[in-house]
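Novice: Below is the structure I would like to discuss, written out as structure tokens.
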Amino acid sequence: MDATQCVIDVRSLRRVYDGGFEAVRDVSFSVGRGELFALLGTNGAGKTSTVELLEGLAKPAGGQVRVLGHDPYAERAAVRPRIGVMLQEGGFPSELTVAETVRMWAGCTSGARPVGEALELVGLTKRANVRVKMLSGGEKRRLDLALALLGRPEVLFLDEPTTGLDAEGRVDTWELVRELRADGTTVLLTTHYLEEAESLADRLAILHEGRIALTGTPAEVTATHPSRISFDLPEGYFPGDLPPLAELGVTAHETAGRTVRLQTHELQRAATGLLLWAQGAGVELRGLDVRSASLEEAFLQIARDARAEDTAQDAAQDRTKETVA
Amino acid sequence: MSTTLTEQRTTAAAPRTTPAGRLGALARTELTLLGRAKGTLFTALVVPLILPFTVQATVKESTLEGTGVKVGEVLLTAAVGFSLLFAVYAALVTIFVVRREELVFKRLRTGELRDPEILAGAALPSVLIGFAQCVVVTAGATVLLDLGAPKAVWWALAGVLLGLVLSVALAAVTAGISKTAESAQVMALPLMFVSMIGSGMTVPLEVFPDRVASVLELLPLSPVITLVRGGWSGELTAGEGLMALAVAVAWILLGVFAVRRWFRWEPRR
């Protein structure tokens, strides 16, 4: 990615809150022009803390951020007219109407769309004269999106854009985001909906405890984790009676009681071999479960690994101290 | 949803917003909101007009005996002081805190507005109301209390303008150390009480012993009151006037420093 094509560049980013809590620890990634990049993570993983640094709302404790080639905090005036921001939570005076809110924001936005057009984009035309306090959670999210799109931004930051939306609203928002991306808008979105990241993102990063645990295209991230097969061994059979597992492309296996669990990166080959063996032997594999790799699997695995790591926390803390020093 | 997306970005040629345009858009919004916040509006519009009458009831010629201060002058400065304290200072403390707690300030900071523009835009309607009130009460007092025309109007005007800026700065400082809209009401009280009693608003500083008076002269609102009264009486020497200007400017600078240092744009987590 050459410099002109790199729209967002984040290097070794750190954010420490007043109380000393380190919300972002050494996060690096970059987003190219026209790309849609998703930050995934559980609540508290550091998604919003990271995005706020990219939006220039706060100064990083360490590391470097460049948005459109500028420091978004120090060179706010150069960056702001070219970006659109949707915060995780409202920030509208509750006594203003929808139209008044958009008009106010338009007065502060270079090259703003007409108010009517902005409301039409997000399907709020009929609610134009309703006070913000009367809007549903989903309508507030859409108003927020309208403001983010008001200045036809080159770069769009969407912090959990579909949280609180119903299924239809979510699909509408996805459609809108896809259109924007097709028009060349660079989008950085955070979400804790895996299907949202899987269906929208060109690339994604999974954040965990302020660090990037995994990054790549949805396919790459998925591929880092094996597919799984599990079944109960038939009565009178032992694991040794199974066909040679390595030849079936199985990379790991374990037995718990009568349950056998296999991992493979070649699901079709492993499953076929196993089923042919069962058919030849004339046995039924009870509890058979064949599961292809998924983003969800990768995501859950990160959480599981983290829990296992908690036991070795002391060692981890020592490591952190060393890196900081 | 619509299909207008594709006609897109008018490249880099789109006209940029100007500070005045942004400030205007924000101030207009604040004015709309002020019109819908009846409580704040009542405090701002009515209270400063009523309070001077309560002062009239208590300030007797006898207390002022030997000070050379006229009752009318005390009422006039009291009226100006109440306008600054209620219509500007107290109103803005509430507005600043509510905007912060509603995340409005955080939202505004994601856009093209600069930080000082956000505070100035939010303050502008209250400042204009405060200024209009000062004009109305001084005109009313001049006519009703037989004060006559101001003898050095520039001192008075400088006092009012500095008082307005000072009230905004101190409101932002107070909002910065208040956690909620309720606690903001309490946090605003000390300055209001101290000013009413110690800044010459209701009790002329001449009544106090010299040493006490010279300390009270350094309170934030004291130079404002001194300038306004001097503007009417014409009994302000250039030295005294410049001293008052210096004290007011010093407080404004201190306020700006405190805002830059301690103002919070988001609620505490």
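Along the chain as shown, residues are numbered 1 onward.
Glycine is no exception: its Cβ is also placed from the backbone N, Cα and C atoms.
If you look up TrEMBL, you'll see B:39-262 marked as domain 'ABC transmembrane type-2'. The transmembrane segment feature in TrEMBL is assigned to B:41-59, B:74-98, B:118-141, B:153-174, B:186-205, B:242-263.
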Novice: Assess whether the transmembrane segment (B:186-205) lies in contact with the transmembrane segment (B:74-98), where contact requires at least three Cβ pairs under 8 Å among residues 6 or more apart in sequence.
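Specialist: Yes, since the transmembrane segment (B:186-205) and the transmembrane segment (B:74-98) share at least 3 Cβ pairs closer than 8 Å, they count as touching.
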Novice: Among the recorded stretches B:41-59, B:74-98, B:153-174, which has the greatest number of Cβ pairs closer than 8 Å to the transmembrane segment (B:118-141)?
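Specialist: Maximum Cβ contact count belongs to B:74-98.
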Novice: List, by number or range, the same-chain residues at least 6 past the transmembrane segment (B:74-98) whose CB is under 8 A from its CB atoms?
Specialist: 30, 34, 40, 43-45, 47-49, 51-52, 55-56, 59, 64, 119, 122-123, 126-127, 129-130, 133-134, 137-138, 140-142, 145, 147, 159-160, 163-164, 166-168, 170-172, 174-175, 178, 180-181, 184-185, 187-188, 191-192, 195-196, 199-202, 204, 221, 224-225, 228-229, 232
